[in-house]
Ligand SMILES: Nc1nc(=O)c2c([nH]1)NC[C@@H]1CN(c3ccc(C(=O)N[C@@H](CCC(=O)O)C(=O)O)cc3)C=[N+]21
(Lines of atoms letter the chains of each structure in order from A; the text may use other names.)
(Lines give C-alpha, C1' and ligand atoms only; values in the text may rest on other atoms or scores of the structure.)
Protein backbone atom coordinates (compact mmCIF):
# COMPACT_ATOMS: atom_id res chain seq x y z
CA UNK A 1 0.00 0.00 0.00
CA UNK A 2 1.28 3.43 -0.90
CA UNK A 3 0.89 6.06 1.79
CA UNK A 4 -0.29 9.54 0.80
CA UNK A 5 2.44 11.49 -0.94
CA UNK A 6 4.50 8.40 -1.59
CA UNK A 7 5.39 7.13 -4.99
CA UNK A 8 5.47 3.60 -6.38
CA UNK A 9 8.60 1.48 -6.29
CA UNK A 10 10.17 0.96 -9.69
CA UNK A 11 10.02 -2.37 -11.52
CA UNK A 12 13.38 -1.67 -13.06
CA UNK A 13 13.49 -3.52 -16.36
CA UNK A 14 16.71 -1.93 -17.47
CA UNK A 15 18.70 -3.08 -14.46
CA UNK A 16 16.99 -6.49 -14.38
CA UNK A 17 17.68 -7.05 -18.07
CA UNK A 18 21.34 -6.17 -17.50
CA UNK A 19 21.56 -8.77 -14.71
CA UNK A 20 19.90 -11.39 -16.91
CA UNK A 21 22.27 -10.60 -19.80
CA UNK A 22 25.25 -11.13 -17.50
CA UNK A 23 23.87 -14.58 -16.57
CA UNK A 24 23.22 -15.39 -20.23
CA UNK A 25 26.78 -14.38 -21.16
CA UNK A 26 28.06 -17.06 -18.75
CA UNK A 27 25.76 -19.70 -20.23
CA UNK A 28 26.87 -18.71 -23.74
CA UNK A 29 30.53 -18.98 -22.68
CA UNK A 30 29.83 -22.53 -21.41
CA UNK A 31 28.14 -23.43 -24.68
CA UNK A 32 31.04 -22.02 -26.68
CA UNK A 33 33.48 -24.03 -24.55
CA UNK A 34 31.55 -27.10 -25.74
CA UNK A 35 31.87 -25.96 -29.34
CA UNK A 36 28.30 -24.63 -29.60
CA UNK A 37 27.91 -21.03 -30.81
CA UNK A 38 24.30 -19.85 -30.42
CA UNK A 39 23.10 -17.68 -33.30
CA UNK A 40 20.07 -15.36 -33.54
CA UNK A 41 18.60 -14.55 -36.94
CA UNK A 42 16.30 -11.67 -37.85
CA UNK A 43 14.08 -11.22 -40.88
CA UNK A 44 13.40 -7.52 -41.48
CA UNK A 45 11.24 -6.39 -44.39
CA UNK A 46 10.92 -2.78 -45.55
CA UNK A 47 12.04 0.63 -44.27
CA UNK A 48 10.04 1.22 -41.10
CA UNK A 49 12.46 3.19 -38.88
CA UNK A 50 11.03 1.74 -35.67
CA UNK A 51 11.50 -1.84 -36.89
CA UNK A 52 15.04 -1.05 -38.04
CA UNK A 53 15.85 0.39 -34.62
CA UNK A 54 14.43 -2.67 -32.81
CA UNK A 55 16.34 -5.11 -35.00
CA UNK A 56 19.58 -3.14 -34.56
CA UNK A 57 19.01 -3.29 -30.79
CA UNK A 58 18.57 -7.07 -30.92
CA UNK A 59 21.89 -7.51 -32.71
CA UNK A 60 23.64 -5.22 -30.21
CA UNK A 61 22.20 -7.36 -27.40
CA UNK A 62 23.53 -10.50 -29.12
CA UNK A 63 27.03 -9.04 -29.36
CA UNK A 64 26.91 -8.19 -25.63
CA UNK A 65 26.29 -11.79 -24.55
CA UNK A 66 28.30 -13.60 -27.24
CA UNK A 67 25.44 -14.77 -29.47
CA UNK A 68 26.23 -14.69 -33.21
CA UNK A 69 23.94 -12.56 -35.44
CA UNK A 70 22.46 -13.46 -38.79
CA UNK A 71 20.51 -10.83 -40.73
CA UNK A 72 18.04 -11.23 -43.56
CA UNK A 73 17.14 -7.67 -44.61
CA UNK A 74 14.64 -7.43 -47.46
CA UNK A 75 13.43 -4.32 -49.32
CA UNK A 76 9.87 -2.99 -49.02
CA UNK A 77 9.29 -4.35 -52.52
CA UNK A 78 9.93 -7.95 -51.38
CA UNK A 79 7.20 -10.45 -52.28
CA UNK A 80 5.59 -13.05 -50.06
CA UNK A 81 7.78 -15.65 -51.81
CA UNK A 82 10.93 -13.59 -51.08
CA UNK A 83 10.12 -13.50 -47.37
CA UNK A 84 9.29 -17.21 -47.34
CA UNK A 85 12.63 -17.91 -49.04
CA UNK A 86 14.42 -15.97 -46.26
CA UNK A 87 12.55 -18.06 -43.68
CA UNK A 88 13.57 -21.25 -45.51
CA UNK A 89 17.22 -20.16 -45.51
CA UNK A 90 17.20 -19.59 -41.74
CA UNK A 91 15.38 -22.90 -41.15
CA UNK A 92 18.19 -24.64 -43.07
CA UNK A 93 21.09 -22.61 -41.62
CA UNK A 94 22.98 -24.65 -39.02
CA UNK A 95 24.51 -21.46 -37.57
CA UNK A 96 21.05 -20.11 -36.75
CA UNK A 97 19.83 -21.46 -33.40
CA UNK A 98 16.67 -19.36 -33.42
CA UNK A 99 15.26 -16.36 -35.24
CA UNK A 100 12.46 -13.84 -35.41
CA UNK A 101 10.45 -12.27 -38.21
CA UNK A 102 10.18 -8.62 -37.20
CA UNK A 103 6.53 -7.56 -37.00
CA UNK A 104 4.54 -5.88 -38.38
CA UNK A 105 5.29 -7.06 -41.92
CA UNK A 106 4.39 -4.63 -44.73
CA UNK A 107 0.67 -4.42 -45.61
CA UNK A 108 -0.46 -7.13 -47.99
CA UNK A 109 1.84 -9.84 -46.57
CA UNK A 110 0.21 -13.00 -45.21
CA UNK A 111 1.83 -12.81 -41.76
CA UNK A 112 0.30 -16.04 -40.46
CA UNK A 113 1.58 -18.03 -43.45
CA UNK A 114 5.09 -16.70 -42.79
CA UNK A 115 4.97 -17.38 -39.03
CA UNK A 116 3.74 -20.94 -39.70
CA UNK A 117 6.68 -21.53 -42.01
CA UNK A 118 9.19 -20.92 -39.18
CA UNK A 119 10.68 -24.15 -37.79
CA UNK A 120 8.96 -24.34 -34.35
CA UNK A 121 12.28 -25.39 -32.78
CA UNK A 122 13.86 -22.16 -34.11
CA UNK A 123 10.98 -19.90 -33.14
CA UNK A 124 12.76 -17.41 -30.85
CA UNK A 125 9.57 -15.33 -30.45
CA UNK A 126 7.43 -18.29 -29.32
CA UNK A 127 4.75 -17.20 -31.79
CA UNK A 128 4.53 -20.29 -34.02
CA UNK A 129 1.13 -22.02 -33.69
CA UNK A 130 2.91 -25.13 -32.38
CA UNK A 131 4.54 -23.16 -29.59
CA UNK A 132 1.37 -21.22 -28.77
CA UNK A 133 -0.29 -24.66 -28.61
CA UNK A 134 2.46 -25.91 -26.28
CA UNK A 135 1.83 -22.82 -24.15
CA UNK A 136 -1.76 -24.01 -23.77
CA UNK A 137 -0.92 -27.68 -23.26
CA UNK A 138 2.19 -27.58 -21.10
CA UNK A 139 0.82 -26.39 -17.85
CA UNK A 140 3.98 -26.51 -15.75
CA UNK A 141 7.65 -25.58 -15.61
CA UNK A 142 10.37 -26.28 -16.58
CA UNK A 143 10.24 -24.38 -19.83
CA UNK A 144 10.54 -26.90 -22.66
CA UNK A 145 9.45 -24.68 -25.56
CA UNK A 146 10.03 -21.01 -26.37
CA UNK A 147 7.61 -18.63 -24.65
CA UNK A 148 6.56 -15.27 -26.12
CA UNK A 149 9.22 -12.78 -25.01
CA UNK A 150 7.11 -10.01 -23.47
CA UNK A 151 4.96 -12.29 -21.25
CA UNK A 152 8.07 -14.17 -20.14
CA UNK A 153 9.76 -10.83 -19.44
CA UNK A 154 6.85 -9.62 -17.32
CA UNK A 155 6.88 -12.78 -15.18
CA UNK A 156 10.65 -12.55 -14.77
CA UNK A 157 10.46 -8.84 -13.86
CA UNK A 158 7.89 -9.56 -11.13
CA UNK A 159 9.79 -12.59 -9.80
CA UNK A 160 13.08 -10.72 -9.58
CA UNK A 161 11.43 -8.00 -7.50
CA UNK A 162 10.05 -10.61 -5.11
CA UNK A 163 6.46 -10.20 -6.29
CA UNK A 164 4.13 -13.19 -6.60
CA UNK A 165 0.81 -13.23 -8.46
CA UNK A 166 -0.49 -16.37 -6.72
CA UNK A 167 -4.11 -15.84 -5.72
CA UNK A 168 -4.04 -12.29 -7.11
CA UNK A 169 -6.50 -10.79 -9.55
CA UNK A 170 -4.62 -9.70 -12.66
CA UNK A 171 -6.46 -7.48 -15.15
CA UNK A 172 -4.89 -7.59 -18.61
CA UNK A 173 -5.66 -4.80 -21.10
CA UNK A 174 -5.33 -5.96 -24.69
CA UNK A 175 -5.92 -9.26 -26.46
CA UNK A 176 -3.01 -9.22 -28.92
CA UNK A 177 -1.25 -12.54 -29.50
CA UNK A 178 2.19 -11.37 -28.41
CA UNK A 179 1.13 -10.01 -25.02
CA UNK A 180 -2.50 -10.06 -23.82
CA UNK A 181 -3.65 -13.49 -24.92
CA UNK A 182 -0.37 -15.22 -24.12
CA UNK A 183 0.12 -13.73 -20.68
CA UNK A 184 -3.37 -14.79 -19.66
CA UNK A 185 -2.41 -18.38 -20.46
CA UNK A 186 0.88 -18.14 -18.56
CA UNK A 187 -0.51 -16.42 -15.47
CA UNK A 188 -3.22 -19.04 -15.01
CA UNK A 189 -0.69 -21.91 -14.98
CA UNK A 190 -0.62 -23.64 -11.64
CA UNK A 191 2.86 -22.39 -10.80
CA UNK A 192 1.74 -18.76 -11.14
CA UNK A 193 -1.84 -19.31 -9.94
CA UNK A 194 -3.26 -15.89 -10.80
CA UNK A 195 -6.89 -15.18 -11.60
CA UNK A 196 -7.02 -13.29 -14.89
CA UNK A 197 -9.53 -10.93 -16.45
CA UNK A 198 -8.67 -10.29 -20.11
CA UNK A 199 -10.12 -6.96 -21.27
CA UNK A 200 -10.11 -5.45 -24.77
CA UNK A 201 -11.73 -2.77 -26.91
CA UNK A 202 -15.09 -4.55 -26.60
CA UNK A 203 -15.02 -4.46 -22.78
CA UNK A 204 -17.82 -2.42 -21.25
CA UNK A 205 -16.91 -0.29 -18.22
CA UNK A 206 -13.17 -1.00 -18.07
CA UNK A 207 -12.91 1.02 -14.84
CA UNK A 208 -15.13 -1.46 -12.99
CA UNK A 209 -12.61 -4.20 -13.77
CA UNK A 210 -9.56 -2.05 -13.02
CA UNK A 211 -10.94 -1.16 -9.57
CA UNK A 212 -10.76 -4.82 -8.52
CA UNK A 213 -7.23 -5.45 -9.90
CA UNK A 214 -4.30 -6.38 -7.67
CA UNK A 215 -2.07 -6.32 -10.77
CA UNK A 216 -2.64 -4.52 -14.09
CA UNK A 217 -0.88 -5.53 -17.31
CA UNK A 218 -1.53 -2.64 -19.69
CA UNK A 219 -0.85 -3.80 -23.24
CA UNK A 220 -3.52 -1.92 -25.19
CA UNK A 221 -1.36 0.65 -26.98
CA UNK A 222 -3.65 3.49 -25.86
CA UNK A 223 -1.81 6.38 -24.15
CA UNK A 224 -3.28 7.31 -20.76
CA UNK A 225 -5.80 4.43 -20.72
CA UNK A 226 -4.90 3.44 -17.13
CA UNK A 227 -5.79 6.31 -14.82
CA UNK A 228 -5.03 6.67 -11.11
CA UNK A 229 -8.68 7.25 -10.17
CA UNK A 230 -9.65 3.82 -11.57
CA UNK A 231 -7.11 1.87 -9.47
CA UNK A 232 -7.03 0.32 -6.02
CA UNK A 233 -4.25 1.82 -3.84
CA UNK A 234 -1.25 -0.53 -3.71
CA UNK A 235 -1.90 -2.05 -7.14
CA UNK A 236 1.09 -3.36 -9.14
CA UNK A 237 1.13 -1.89 -12.66
CA UNK A 238 3.04 -3.09 -15.72
CA UNK A 239 3.06 -0.52 -18.51
CA UNK A 240 3.57 -2.54 -21.70
CA UNK A 241 1.89 -0.54 -24.50
CA UNK A 242 4.02 1.42 -26.92
CA UNK A 243 2.59 4.43 -28.77
CA UNK A 244 4.33 7.17 -30.69
CA UNK A 245 2.96 10.62 -29.82
CA UNK A 246 4.07 14.14 -30.72
CA UNK A 247 5.56 15.93 -27.71
CA UNK A 248 3.31 18.99 -27.14
CA UNK A 249 6.37 21.13 -26.36
CA UNK A 250 8.84 20.20 -29.09
CA UNK A 251 6.51 18.50 -31.61
CA UNK A 252 9.03 15.65 -31.77
CA UNK A 253 7.79 12.03 -31.73
CA UNK A 254 8.09 10.36 -28.34
CA UNK A 255 7.29 6.82 -27.10
CA UNK A 256 4.68 6.54 -24.35
CA UNK A 257 2.95 3.67 -22.59
CA UNK A 258 -0.68 3.09 -21.57
CA UNK A 259 -0.33 4.45 -18.04
CA UNK A 260 -1.28 8.03 -17.07
CA UNK A 261 1.23 10.03 -14.97
CA UNK A 262 -0.71 10.03 -11.64
CA UNK A 263 -0.61 6.23 -11.37
CA UNK A 264 2.79 6.33 -9.63
CA UNK A 265 1.05 7.99 -6.64
CA UNK A 266 -1.45 5.10 -6.25
CA UNK A 267 0.52 1.98 -7.23
CA UNK A 268 2.89 0.13 -4.90
CA UNK A 269 5.02 -0.95 -7.88
CA UNK A 270 5.13 0.44 -11.42
CA UNK A 271 7.20 -0.52 -14.44
CA UNK A 272 8.43 2.62 -16.19
CA UNK A 273 8.03 2.94 -19.93
CA UNK A 274 10.63 3.18 -21.35
CA UNK A 275 12.96 1.24 -19.05
CA UNK A 276 10.51 -1.44 -17.89
CA UNK A 277 9.06 -4.27 -19.94
CA UNK A 278 10.82 -3.28 -23.22
CA UNK A 279 14.36 -4.18 -22.07
CA UNK A 280 12.97 -7.38 -20.48
CA UNK A 281 11.41 -8.38 -23.81
CA UNK A 282 14.79 -8.06 -25.47
CA UNK A 283 16.53 -10.04 -22.72
CA UNK A 284 13.97 -12.86 -23.02
CA UNK A 285 14.60 -13.13 -26.75
CA UNK A 286 18.23 -13.85 -25.89
CA UNK A 287 17.12 -16.25 -23.15
CA UNK A 288 14.94 -18.15 -25.63
CA UNK A 289 17.93 -18.55 -27.97
CA UNK A 290 20.25 -19.73 -25.17
CA UNK A 291 17.57 -22.16 -23.95
CA UNK A 292 17.27 -23.53 -27.51
CA UNK A 293 21.03 -23.96 -27.85
CA UNK A 294 21.16 -25.80 -24.51
CA UNK A 295 18.25 -28.04 -25.50
CA UNK A 296 19.95 -28.84 -28.81
CA UNK A 297 23.22 -29.64 -27.00
CA UNK A 298 21.52 -32.01 -24.56
CA UNK A 299 19.99 -33.89 -27.49
CA UNK A 300 23.31 -34.85 -29.18
N1 LIG B 1 8.83 -10.48 -34.20
C2 LIG B 1 8.77 -9.49 -33.32
N3 LIG B 1 9.18 -9.70 -32.05
C4 LIG B 1 9.13 -8.69 -31.13
O5 LIG B 1 9.49 -8.89 -29.96
C6 LIG B 1 8.65 -7.41 -31.54
C7 LIG B 1 8.25 -7.25 -32.89
N8 LIG B 1 8.32 -8.29 -33.74
N9 LIG B 1 7.80 -6.05 -33.32
C10 LIG B 1 7.77 -4.90 -32.47
C11 LIG B 1 7.63 -5.25 -31.01
C12 LIG B 1 8.07 -4.15 -30.06
N13 LIG B 1 9.17 -4.70 -29.29
C14 LIG B 1 9.93 -3.99 -28.39
C15 LIG B 1 11.06 -4.50 -27.81
C16 LIG B 1 11.86 -3.74 -26.98
C17 LIG B 1 11.54 -2.44 -26.69
C18 LIG B 1 12.44 -1.64 -25.84
O19 LIG B 1 13.44 -2.12 -25.35
N20 LIG B 1 12.14 -0.36 -25.62
C21 LIG B 1 12.93 0.55 -24.82
C22 LIG B 1 12.91 1.94 -25.38
C23 LIG B 1 13.40 1.99 -26.79
C24 LIG B 1 13.33 3.38 -27.38
O25 LIG B 1 13.32 4.37 -26.64
O26 LIG B 1 13.32 3.45 -28.62
C27 LIG B 1 12.37 0.60 -23.41
O28 LIG B 1 11.21 0.24 -23.22
O29 LIG B 1 13.09 1.03 -22.52
C30 LIG B 1 10.41 -1.90 -27.24
C31 LIG B 1 9.62 -2.66 -28.08
C32 LIG B 1 9.42 -5.96 -29.72
N33 LIG B 1 8.57 -6.33 -30.69
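Counting starts with 1 at the first residue shown.
For all residues, glycine too, the Cβ spot is worked out from N, Cα and C.
TrEMBL lists 174, 175, 176, 242 with the feature NADP(+) binding site. If you look up TrEMBL, you'll see 11-125 marked as domain 'Tetrahydrofolate dehydrogenase/cyclohydrolase catalytic'. Sequence annotations record features per position, and here TrEMBL assigns domain 'Tetrahydrofolate dehydrogenase/cyclohydrolase NAD(P)-binding' to 148-296.
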Fewest Cβ neighbours within 10 Å, where candidates are the binding-site residues 174, 176: 176
For the domain 'Tetrahydrofolate dehydrogenase/cyclohydrolase catalytic' (11-125), the number of residues DSSP places in helix, strand and coil: 61 helix, 19 strand, 35 coil
Chain-internal residues near residue 175 (NADP(+) binding site), provided their CB is under 8 angstroms and they sit 6+ positions away: 181, 198, 200
For residue 242 (NADP(+) binding site), the number of other Cβ atoms found within 10 Å of its own Cβ: 17
Segment confidence, the domain 'Tetrahydrofolate dehydrogenase/cyclohydrolase catalytic' (11-125), expressed as mean pLDDT: 97
Tally of DSSP helical, extended and coil residues in the domain 'Tetrahydrofolate dehydrogenase/cyclohydrolase NAD(P)-binding' (148-296): 55 helix, 31 strand, 63 coil
